[in-house]
Amino acid sequence: MPALACVDAAVPPPGYAFPTTWDGSLPVPEPFSGSTPDTGLHPLLHPTSPWSTDLSASLYNVDGWGAPYFYINSAGNMSVRPHGAATLPHQQLDLMKVVKKATEPKSAGGLGLPLPLIVRFPDVLRDRLESLNAAFEFAVQANGYGSHYQGVYPVKCNQDRYIVEDLVEFGAPFRFGLEAGSKPELLLAMSCLTKGSPDAFLVCNGYKDEEYVALALISRTIGINTVIVLEQEEELDTVIETSRRVGVKPVIGLRAKLRTKHSGHFGSTSGEKGKFGLTTSQILSVVSKLRQVEMLDCLQLLHFHIGSQIPNTALLADGVSEAAQIYCELTRLGASMRVIDVGGGLGIDYDGTHSGGSDLSVGYGLDEYAATVVQAVRYVCDQKGVRHPVLCSESGRALVSHHSVLIFEAFSASQPASLELRQNLAYYLDQLTDDARADYRNLMASAVQGDYDTCNVYAEQLKKRCAEQFKDGMLGLEHLAAVDDLCELVAREIGAAKPVREYHINLSLFTSIPDLWAIGQLFPILPIHHLDQRPGVDGILLDLTCDSDGKVDRFIDGRSSLPLHELGSIEGGGYYLGMFLGGAYQEALGGLHNLFGGPSVVRVSQSDGPHCFTVTRAVPGASCADVLRAMQHEPELMFDSLKRRIEEYSLGDSKACAISHAFYSMPYLVYGTHLSGDGMVSDSEGSSGVTEEGSGYDDDDDEWDMMRCLSV
């Protein structure tokens, strides 16, 4: 460890006149017999081994969380199997080709969409829906079940128009319906189901007032199979009174609070203390009141919710069995029961471990889930002599999570500090206080002996002590720097320091991955290209917001950093990363922190063309004007006031044009495009957007005439 001896002789710097007592040399350590410390490298990242796409797949556990839809192709790019396991080789979609098509300028044949970018795959959505229904159909047939399954999609998971319309279209052969939890969700569900199966359920959950109930009743008059689910006991009076006023007989369900509850984060909405649902006493009260008003035949559905991300089938079976007992009791009491709605909870294996003891994973697949529900209901109903009910589930997360991929770019990264021993390092170390010098001597002795754990203890103790003395005015800034340099030098020499790099990403976590910040939800994140090359850097991701929480420093494999490639080694464009399995909740929950709006969106379907895909819809993300309007600002008036100020200063139209351009550009950073003399992106590149079928929007839109045609 000769570098520990390479410290300049103690020479007093200007401004200090302390006596020198040290010759400036640090002890040269002898070879030690201790074991090599853990450097934090993933076992696959040892630089002597060859690299392959299979090793990347193992490193990021792509086969664990991605099957059957995502894999790494031979070119080292993330690819999509849009039809799951049934995808043929020529139908596989290279994600980098999709990104290239979406982001390249129109002059080069692209769509000119700025990043970040959400890529939707409706073929994956169809496959998820068909797989869910196939799993229940198989379980029904295999267990001799006397009824059928028809699920609903809870639109709160992602209310995007095209997602909801796709699910209604794809689900029509399966009588697949929708679930709403608010008046606007009810309105969109009513509208979409006019094009769906007439037998599909429209399940109305959430808090209800008279207007909500009236809308639900009106929907029954136009041929929609609507069920009003009582979440609170007092809602029954509203339903009865409104149905009499409107003149429509309701179909009523009720949500039961089960005793069954799972202990994870998502189990907080279940059990006796859950936010929604009726206790056993309240259920009996509802039955009694319906009997009194001669409407007990309206009660036809039982709903319950164990919690999202049910981790294992044992818990699922316990909850379904309890609910089936309540269902049979309601039948005994005279209700015209015909449906059990098992709610949500069908989970996603975010980390690919297939574990039943984590919020990030589940220990079952679609087939096991369906079989568990069917068997539990069948067993209880057969015991009680009750006809098998129609089975319904509200499986939103499991349907939409896989079909959406968030793409973003890392535009810069921190560089590892090149540790150059500053002049007078030995001098400043010698001027430390007695207790700090004692820590220093202990640190060096531990380094010589190869005692890494003790080394770390003394290094932290030395830095902490000197920081406190600096606050008290006992040390200068140069002393602090000398201590930091020494500790870093020792750490590197003993092999304990592997600096984690900070990669800056063109994204707002608060807008695009809000669950990561809000509840600590983790998603698979990895580079979408160069996966045939060894990643040589451990990094964390920092977003664009001015918020210290805007970072990703926890990842699905339990690590606090992500294996990444050196930005300097990337040839032919930017460095793109993808967040996978994020199709549920993230877009609806995203905020406008720092006024960063939503990403651009493309909808990509598999086709038989030369690139194997067709972009059927492309929309640019929210502009600066859009997000300003969301906060009650008026961009037109803002521009007008700025234009007048520019005219007062006689700056010319070019400055006003630059400001105008900023209003209709996305808030995110723009790289690799031509900049005008005002430092703004030119109109020909980087600012154009696309609407349906790849058609560009008109830069002369009436709304912006005043702001863009400034020479008039």
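Note that Cβ sites are derived from N, Cα and C of the backbone, with glycine treated the same way.
In the structure as shown, the Cβ atom of CYS546 (active site, proton donor) sits within 10 Å of 8 other Cβ atoms. Residues or ranges marked as active site, proton donor by TrEMBL: CYS546.
Annotation source TrEMBL lists compositional bias 'Low complexity' at 684-694.
Look at TrEMBL and you will find 148-401 tagged as domain 'Orn/DAP/Arg decarboxylase 2 N-terminal'.
For LYS156 (N6-(pyridoxal phosphate)lysine), the Cβ neighbour count at a 10 Å cut-off comes to 20, with all displayed protein chains included. Marked as N6-(pyridoxal phosphate)lysine by TrEMBL: LYS156.
Summarising the annotation, TrEMBL assigns region 'Disordered' to 681-702.
Counting only the Cα atoms, the space from LYS156 (N6-(pyridoxal phosphate)lysine) to CYS546 (active site, proton donor) is about 29 angstrom.
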